[in-house]
Amino acid sequence: VGKKNVKKMSKEENNDLKDEQRKGKAKMQLKRNIGYFDGVSFIIGSIVGAGIFVSPTGVLKHSLLNVGVALTIWTASGLVSLMGALCYAELGAALPFSGGEYSHIKRGLGSLPAFVFIWTSTFTKPASNAARALLFAEYATQPFYGICPAPDVLKKCLALAVLWSLGILNGLSVKMSAWVQTVFTLLKMMALSVIAVGGIVLLVTRQKESLARFEDMFSSEIPNASQVAEAFFQGLYAYGGWWSLNYMAEEMKRPSRNIPLTVMTAVPAVIVFYLLVNISYLTVLTPKEIVSSVAVAVTWADRVIPSVSWIIPLSVAVSIFGALNCSMFTLGRLSYAGSQSGHLPLLISMLNVHSYTPAPAMIFSTTIASIFIIPSDLIMLTNYFGFSAWLMTGLTCASLIVLRYREPHLHRPYKVFLPVPFMMVAMSFFLVLAPIVWSPNMQYVYAFLFMLGSLIIYLPFIHFKLHFAFLDKITCHLQLLLEVCPADGPAEGKCE
């Protein structure tokens with residue numbers, strides 16, 4: 001529905017909704033409440049989930065237990081993620097708008113690729129949030145049931161409660177959400193620090209025994225090219241989330257300075273921590289023990305700090321909660337940006353008149369995530385959309401290249417070395433095609449057809465602007481119920 005029709009509300013109703021704005025003479029916009037440290041917390045919180053605690057075994061397994069190759073791949077995966085993050089930093093600093101890849105693809109490649117992105121993300125990202133919420137519920141309830149599995153109904157109810165608690169929090173206050181993210185990021189980094197420092201201490205105190213595992217790191221069997229590529233996939237998956245900051249660029253203070261600086265702080269910090277944690281695991285456990293362990297960090301804690309080993313399962317739950325908060329925050333901004341561009345209903349881009357937050361966008365994304373939790377088998381269907389994330393990363397980096405040549409005079413506070421986006425485009429399309437070529441599966445065809453299915457919606461409703469008048473009345477009633485108004489435009493404050 002268009003703004004024009006929504007504004008057919010009675011003068012009295014419209015005045016009531018905008019009364020608070022007129023009193024303070026404030027524009028209805030997202031506010032720049034996110035600073036440098038908040039940004040660092042969001043990136044680290046988004047990248048570091050449960051994987052590094054529970055199952056950092058994929059890289060080692062596909063490296064054929066070769067310690068040297070595994071650590072090299074962890075480093076290389078981190079550097080590729082840093083290259084991608086620097087490409088995004090240029091786009092975010094030059095175009096500080098909500099929506100992340102969606103906004104950049106729309107600016108660089110046009111409306112249709114952007115719509116395909118938001119169509120796919122509207123289902124895959126809430127499914128990812130649902131999976132995180134269920135995993136949190138698993139770790140939160142298991143201590144109360146010992147060796148017995150917790151009831152599915154309980155886990156689903158807890159997962160729904162966590163989803164809606166975070167959805168309401170993000171819909172009410174950006175500052176409170178940023179504070180929660182900072183606290184949980186600090187807690188998870190403290191847990192990683194315990195593992196990293198513990199490993200260093202053991203490496204120093206047990207010199208002969210521990211150093212022996214690292215003296216001939218490359219002495220065991222060397223994996224072939226396909227195995228290295230598979231290990232690389234696993235490493236890149238562990239670093240997933242480095243792109244999250246661009247979704248909140250419109251709310252960053254001094255984005256031209258803080259976005260590049262935040263990326264250059266957070267991603268290298270994660271690389272260092274991941275390497276130290278893996279070295280710590282290898283100091284205490286053999287490669288075979290790591291690969292066979294269900295939860296590596298728990299096994300490590302049982303060996304090193306048995307009296308307080310309960311801290312690791314708690315840390316996993318904390319880590320998942322922080323990652324879920326960040327993911328829900330960014331998904332709300334994606335829905336908000338898509339609505340502003342006319343790719344989703346107008347109501348979703350409206351802001352609450354009291355908190356200036358995209359409350360309808362948070363309700364929309366949280367509702368979809370909730371649907372995935374109830375019949376949780378639906379989450380399995382989205383596993384075959386993994387290639388779409390790298391497809392969109394490639395398109396985003398391609399947008400950067402296009403904008404460099406099409407808009408050479410666009411103010412760019414930070415510019416990445418031009419070969420880097422070319423390398424990222426090549427890497428992204430390799431990561432899209434490799435799993436399809438090596439492990440062909442009909443599910444990939446279905447996923448691709450689902451993405452093409454976006455044309456069924458795009459052509460009539462976006463391209464030809466088909467409109468149903470009855471939706472205007474629904475929007476007006478919901479606007480009054482939720483106390484929201486259309487946003488006035490870009491966020492206030494200078495971008496410099």
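Here the Cβ of each residue, glycine as well, is placed from N, Cα and C on the backbone.
Automated prediction, rather than curation, is the source of TrEMBL annotations.
Your range for transmembrane segment, going by TrEMBL and the list 34-55, 232-253, is 34-55. The feature transmembrane segment, as given by TrEMBL for the ranges 284-306, 353-375, 468-490, sits at 353-375. Panel annotation: around the transmembrane segment (444-464), residues 111-112, 115-116, 119-120, 342-343, 384-385, 387-388, 435-436 of the same chain, lying at least six beyond its termini, place a Cβ under 8 Å from a Cβ of the stretch. Sequence-distant neighbours of the transmembrane segment (34-55) (same chain, 6+ residues past either end, Cβ-Cβ under 8 Å): 85, 132, 135, 139, 174, 178, 181-182, 184-186, 188-189, 191-192, 237-242, 244-245, 248, 251-253, 258-259, 261-263, 265-267, 269-270, 273-274, 277, 294-297, 312, 315-316, 319-320, 322-323, 325-327, 329-330. Non-local neighbours of the transmembrane segment (186-204) in the same chain are 41, 44-45, 48, 52-53, 210-211, 273, 276-277, 279-281, 283-284, 297, 300, 304-305, 311-312, 315, 318-319, 322; each lies 6+ residues outside the stretch with a CB under 8 Å from one of its CB atoms.
Ranked by the number of CB pairs under 8 Å to the transmembrane segment (310-332), the listed stretches 67-89, 258-277, 353-375, 387-405, 417-438 are led by 353-375. Counting only same-chain residues 6+ beyond the ends of the transmembrane segment (387-405), those with a CB under 8 A from a CB of the stretch are 84, 87-88, 90-91, 94, 101, 104-105, 107-109, 113, 117, 120-121, 124, 240, 243, 416, 418, 421-422, 424-425, 427-429, 431-432, 435-436, 444, 447, 451.
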